[in-house]
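K.L.:
Below is one structure. I have some questions about it.
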Amino acid sequence: MSALVGVIMGSKSDWSTLSHTADMLDKLGIPYEVKVVSAHRTPDLLFQYAEEAEGRGLEVIIAGAGGAAHLPGMCAAKTHLPVLGVPVQSSMLSGVDSLLSIVQMPAGVPVATLAIGKAGAVNAALLSASILGAKHPQYHEALKQFRANQTETVLDNPDPRDA
């Protein structure tokens, strides 16, 4: 099956965060593609990617970026697909700069912004499953199963002292 989710990042170093997105998409059985697309270094490539995404069969774009983090917003400006922004944790400001860059979008160009770092990367994949589930019931079921397993794991291990 061709990719339904595009996972893009501003630089190769962002893979340490976005790899968690890929891992969760794999667990959910959602087909995806991965690409480095920089809003600042390769803006023409970004515009082309965003403009052609829907025609290539993508239904959701997950965009992770650190620092100025313009990738999710610029991507959202060039597509009508849902764009999920993942702020990458930076050494300088711990990702708060990225979070604020992604979350403060002007009205009319929405970006669904997730948490900073690994949690946001994982949740972006889960949110993708929720979005895709309306059209593709197998991803809704995969998400339900993931949540049930998560609940079961907690209930099976109520004492944190048990290894």
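Glycine too: its Cβ is placed from the backbone N, Cα and C atoms.
Feature list, courtesy of Swiss-Prot:
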- SER11, ASP14, ARG41: substrate binding site (BINDING)
K.L.:
What is the one among the binding-site residues SER11, ASP14, ARG41 whose Cβ has the most other Cβ atoms less than or equal to 10 Å away?
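P.N.:
Highest number of other Cβ atoms within 10 Å: ASP14.
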K.L.:
What whole-number value in Å do you get for the largest C-alpha pair distance within SER11, ASP14, ARG41, the residues recorded as binding substrate?
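P.N.:
Binding-site diameter by Cα atoms for substrate: 15 Å.
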